[in-house]
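Below: one structure, written as structure tokens.
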Amino acid sequence: MDEQTRLMHSHSGVGMAGHPGLPQHMQEGTGGSDGDGRKQDIGDILQQIMTITDQSLDEAQARKHALNCHRMKPALFNVLCEIKEKTVLSIRGAQEEEPPDPQLMRLDNMLLAEGVAGPEKGGGSAAAAAAAAASGGGSGPENSTEHSDYRTKLTQIRQIYHTELEKYEQACNEFTTHVMNLLREQSRTRPISPKEIERMVNIIHRKFSSIQMQLKQSTCEAVMILRSRFLDARRKRRNFNKQATEILNEYFYSHLSNPYPSEEAKEELGKKCAITVAQVSNWFGNKRIRYKKNIGKFQEEANMYAARTAVNATNASSHGSQANSPSTPNSAGGYPSPCYQSDRRIQ
DNA sequence: ATACATGATTGAAT
DNA sequence: ATTCAATCATGTAT
């Protein structure tokens, strides 16, 4: 009850509490028709309204009671009802049914998909599964710690999100009941239709849901940052093992005149190196551009691989079948540089 | 701590 | 769709 009264006071005093001297100014400003008793009355009333916030609650309570018991009160109420009936039509037109906000739906869907908005435990495992799926299928075993890390962070976000959401929900309900009580209280002194209360509640809910949307927005952002932090492949790059690099380099330098492996060749290389075709493509893309950019730097490497393939070829042809023995790092000495053939070279 | 190496991503060009 | 070129973010050697 106390809080209701306080709300009421702040309501009536809103925007005016800072101008306690206003009535006097108005009196002076209107040209000072001294003998006019009505003006004097209005000034008094205003003065009372202005100072109402300064009064103690008991005093205010007493005044309210006095107002309610005033002999003119029923008449005044009727007048207000009449005025209301005339103006209520214009209010009625102002209500519109709001369609579900597409952006809010988008955020909700995303939070659901990330397992933030869903049920507690199930949501977590679903999110982990999604993360596992998103991290790129093939390579497996050593990222379990990363995933648990990711999961704990996601759980933290979810907890914060839920507590905040609950807080907002609670605040919204509290505020709504406050306002409804206040309106009910006020309906004793002025006419308030249930529709108006409903409208007010709707307005409050809209405000709070817009706040919730901000929460959802920032939660989504946090999840996106977390995602990129943990699931961006660049952040957990691992160099290929030596063997894979050897195989790739071997192919590259033995096809230096046209270092563009076909799809099948890429598949084969990927198989041999235990990497994906996309990774093979990446490797060749990087290798081509970097080789072209600085041929001199790669000269030694080129010589080495040329020598090795030459030795392998020699071995294969003369000694029959001693196919791949990559442990012959012949010195890069006396072999002719594997210059570009006149074939399709790197642009 | 620093510079260089390297795998992945991105946007433009083809 | 593939490749190039630039760039990012990390790995590695000094």
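Note: Cβ is positioned from N, Cα and C throughout, glycine not excepted.
The DNA-binding region annotation in TrEMBL covers A:233-295. Residues or ranges marked as domain 'PBC' in TrEMBL: A:37-232. Among the features that TrEMBL reports, domain 'Homeobox' is placed at A:231-294. According to TrEMBL, the feature region 'Disordered' maps to A:1-40, A:116-151, A:315-347.
This prediction places the mean pLDDT of the DNA-binding region (A:233-295) at 93. Across the DNA-binding region (A:233-295), DSSP assigns 46 helix, 0 strand, 17 coil.
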